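Notes to accompany the following structure.
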C-alpha cells in the first residue's frame, strides 16, 4: 500500500515516533530534486525538536545542491510572506496547535501552501532512488526575515493608530513571541503579554488559541485580547467584557466591516463544513453568501481563489484575508479586527453579540482498527437526526489519530445527548 505522509496541513506526527530526522532528511532530498539549484527558506516554532528536524531537512536540501536560508523562530505566515517576496520555496517546522511532543513539516511556494499534486510528487520521490548531485548547497542565516515581515505588516496597517488602546496577547509560548508584541507596540498600543516563553516544552500548554479561556480569565476588563496558536496562523479574540470571540464571529465582524468599506469581493465568504449555522444566517441577512468546503485552510484558500472571494476561514481561528495575505495570519487578522472595530465605532462585545452562535459540540473518538465510519447504526442515526434539523459532521482528523463528531442545533441539551450517543456507537 502506498505510504501517505502529508495530511491536511503538511506532515504531522510525534517526534521520534511517526516523525523522525530520517523522514525530514528524505523530505529535504525530495524537495531538493524538485527545486534544483535554487534556495529554500526554513522557519520553525519553539518546539525542542525543531532544531533537530531543521538540521536533517537542511542536510537533505543542501545534499541536492539547494541553498538553505535559516529564518529561526518565525510564524508560518511570516515564512509564507517571505517566500512570496523572494519568489522561492519555504518549509515551516511546526505542529501548529498540537502539544509539544508533536512536530510537523509544511512546504510553501511563492506565498502559498503547495497543492496536493506537489505533495504527492514529493512522496513519490521519497519512496524512490534519489538523483546524485555533485554540487552542495550552503546554509545561511536569514534572521533579517523577521524584520522584513514586521515591516510588511506595518506597511499594510500604516493607517491604524492604536494609541490609547490596551491590548492583551497570549502568545502560546510559540512563534508569535518574535513578532506580535513588537507590531502592536509600533502601532501605539499598550501591550500586556502572557505565555511568551520560547521554552519548546510549553508551547500550547493550557494556553493560546486552543485554550482562549486562559486569556479571558487572566486579562483585565476593558482590554481587547488575542490568543494565537503555536505557529501564529490562528487567532481567537477576547472582548472587553472578557468573552471569547471565536473564528466564526471574527469572520462575521470582518465581513461586516469589509462590506461597508467596499472591500468584500463577490459578496461571498468561504467557510467549512464546521462553520456555525449562526454565522451563515447572519451573513445571509446581509446579502452575503457562505460557501462551505472541507476542513482545512488550504481548501478554504482553493475555494477563495476559485470564487474570487477575499475573506474566508475556520471557527478555529484560521482566517484568510486575501488582499492582505496568502495564508491564515493570526497577527494580520487581529489587526484587521482592531481596524474594523475602530472604523465601526462599536465595542467588540457589541459586534460579537450580533452574530448568533448555535449550540455546537465536538467529540473526539480515538481511532482504532475497529473504528469504522461505515457503521450502519451510525449512518441511520445521522440520517434521522439530520431530518430533525440537527447538523452532523463525522470526519477523521487530518492532524491527529482521532475521529471528530460535531453536532449542531438549537437545543443545547439535545445536541449534547446526540453527540454522546454517536460517540458511544463509534467507539464500539
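Keep in mind that glycine also has a Cβ here, set from the backbone N, Cα and C atoms.
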Query raised in the report: Pick from 96, 141, 325, 349: which one does Swiss-Prot list with 229, 231, 233 for the same Mg(2+) site?
Result: 96
**Report entry** Spatial neighbours of residue 233 (Mg(2+) binding site) that are distant in sequence (at least 6 apart) but have CB under 8 A
**Finding:** 75, 76, 77, 96, 297, 318, 327, 328, 329, 330
Requested in this report: Sort out the sequence-distant neighbours of residue 231 (Mg(2+) binding site) for me: same chain, 6+ apart, CB within less than 8 Å of its CB, listed by position.
Outcome: 45, 75, 76, 92, 94, 95, 96, 174, 175
Query raised in the report: Taking the Cβ of residue 229 (Mg(2+) binding site) as reference, which residues of that chain separated by at least 6 in sequence fall under 8 Å from it?
Result: 96, 97, 172, 174, 204, 208, 209, 210, 235, 317, 330
Report summary line: Within 8 Å of the Cβ centroid of 96, 229, 231, 233, the other same-chain residues by Cβ around the recorded Mg(2+) site are 45, 75, 76, 94, 97, 174, 175, 209, 228, 230, 232, 234, 328, 330
